[in-house]
Structure formats: C-alpha cells, structure tokens
C-alpha cells in the first residue's frame, strides 16, 4: 500500500477536517451526524468517502510519516487565548487555522444503554473516538458500547509496517496514551489486580487480553515514553508471565527500559527486536510549574502570585520536547515511515 493511501486512511480516524469539496453553506448549516452514531464513522458531519478530497488538500504529495499531536483539554477557548496572546486578536496560526475545514467532527460520547449522545465526554471516550473512529461510552477504551474491540490507529499503522510511538507526560495507563494500545471496558484497569475487579471480562484469567499495562507490552510499540512506573511493579496473575512483575516481563521480552533523561539520551535504536520503554515517574510526570490549585471561583479572594519552578522536575526528568525529539529520531529509521502520538 502506498504511503499516501495509508495517510488518507488514517486521517478520517483522527477526526481531522475532511474535504474542501464539501464546504458549502448547506453542509456547514447541517451539523447533525450523517449516519449511525454507534458505528465507525457514523458520527461525522460529512458523508461519503473523503479520500480524494483529503489527497487534494495535501497537494497530492505522499505522506510518509504521521504525527498526532494531542493538546489534552485544548478546546476552542484555549486555542483562542493562545492565538490572542501570540498573534493578537486578528492573528492567524499558520497550522491549525489553515486547515481546509474545522467543525465537521462531533464531540459527544454515547450512553452505553441507549446508544444516544452523552454530551459530557471524558478522555477515554474521546480518545477511543480518534484512535478507532468509533464512539463509545465514558470510561471505555478501544471498545464500542457493546464492549466489542476495534482496531486502533497505532495497530493499523503497525500492521502496515510503519514504526510506532506513544509519548505522554501522563501515566502511560492514562486514557489518552492507553487508547492507542488497549481494549478494556473501564479506563481504571491499569494493572492485573484492578482489572480482575473492575474489568473481569478483560482479565487474563478470564480469557481476556489483560490489563492496560499488559496490553501495552503486547502492543509492542517501538517507542513508548511517559509515567506510570508504579503499575509495572504489579505481578501477573495469569498467562505466560504469571508470577512475574510487569517490569520483569518487559525486560524478559526484550524491552529497553530507561528511567531518566541521561539513559534516554543514550539510546541509539529502537525497533521490534528491542523496543524502548521509558518510565520517568511513578505516576504522572512532574509538571513544570508550582502554584495555587485552580478553584471554582478562581482564587479571587487571594493575592496574586507568580508560579515557581517545580523542584521535582529537575534535569533527570526528560521534557516533552526531549522525549518527542528522541522518539522522532528513533522512529525515522524505518524506511516505510512512522506513526507517533504525543
């Protein structure tokens, strides 16, 4: 399959803007989903195959690599605030503001029992939507409202021979990175112990694919970087690796494990023989700044403060930029190209 064809297939799953050909007022006025919202692609506002239009918007150039940048929690208001700050009220972002059409994608989850829209979407349902092209209920990862698995975009890229990467400053078991590599009925099923309780049908001892962390190891992306080391200390309760911790399993399966910026910088290659797994904190990676916690009334009764650097985020903790640079460098060795979420 040609890379341009792969890219065209991936883009609709990412809910990226579709066709320049369908920018008429009638399309923009009709904001209802065009199909069955419980089925793959059914919740898009544009109908029909958008491959030709997407290819035209790319000027018919072949796309070798795909980088999906997730601004977690970044909605229109956050983009507007950034644009006003960086470019002024009449400013223009050359990237996001130049997309051929925005607003064709829908943002709701689904009610598991009724299949009707659930208008307050959580990270798991929204991440499942962009990673599989299927809407689901809040809390689900990689499955639809009937708990049926759907192939993720990382799995699709890997099956096409591309290198794959998953980079996050959150726990790797968190919904945003986990949506690429797992299929569980609840986002809470980080490790074997919780999975047995909250996702019994997914547990290895019940014939399932295992917890999010166990599925992460099975997914075997070439590069996986983030937090969440705590769960890797759990012990497998069933399957081939029963009795071993998930960290021990990773090492036995050929993963290169790193836990700080220095060891990350020393890695020179990562592939299916020796995939890279970076675990840089027990939970979420430490944030850059310290300051007062947000409150519902905006801390209006407190004096203004200036955020200060977080002492827990020292030079041993790689930055998102460093992790992304390393991932791109390592994944670029694949002649067929790569898919990276960050």
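Glycine too: its Cβ is placed from the backbone N, Cα and C atoms.
What TrEMBL annotates here:
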{"type": "ACT_SITE", "residues": "123", "note": "active site, phosphoserine intermediate"}
{"type": "BINDING", "residues": "72, 174, 176", "note": "Mg(2+) binding site"}
{"type": "BINDING", "residues": "72", "note": "Zn(2+) binding site"}
{"type": "DISULFID", "residues": "189-199", "note": "disulfide bond"}
{"type": "SIGNAL", "residues": "1-21", "note": "signal peptide"}
Taking the Cβ of residue 189 (disulfide bond) as centre, how many other Cβ atoms lie within 10 Å?
30
By Cα-Cα distance, the member of recorded positions 72, 123, 174, 176 nearest residue 199 (disulfide bond):
174
Residues within 8 Å of the 72, 174, 176 Cβ centre (excluding the Mg(2+) site residues themselves):
70, 123, 127, 168, 170, 175, 177
Looking only at C-alpha atoms, tell me how far the residue listed as 'active site, phosphoserine intermediate' is from residue 176 (Mg(2+) binding site), rounded to the nearest Å.
6
Sequence gap of 6 or more, Cβ distance under 8 Å: name the residues on the same chain that satisfy this around residue 72 (Mg(2+) binding site), in order along the sequence.
123, 170, 176
Given residue 174 (Mg(2+) binding site) and residue 189 (disulfide bond), what distance in Å do their CA atoms have, once rounded to a whole number?
10
For the recorded positions listed here (123, 174), which one has the lowest count of neighbouring CB atoms within 10 Å of its own CB?
123
For residue 123 (active site, phosphoserine intermediate), the three-state class that DSSP assigns:
helix
If you draw a 10 Å sphere around the Cβ of residue 199 (disulfide bond), how many other Cβ atoms fall inside it, taking every protein chain shown into account?
23
By a simple count, how many Cβ atoms lie within 10 Å of the Cβ of residue 176 (Mg(2+) binding site), its own Cβ left out?
23
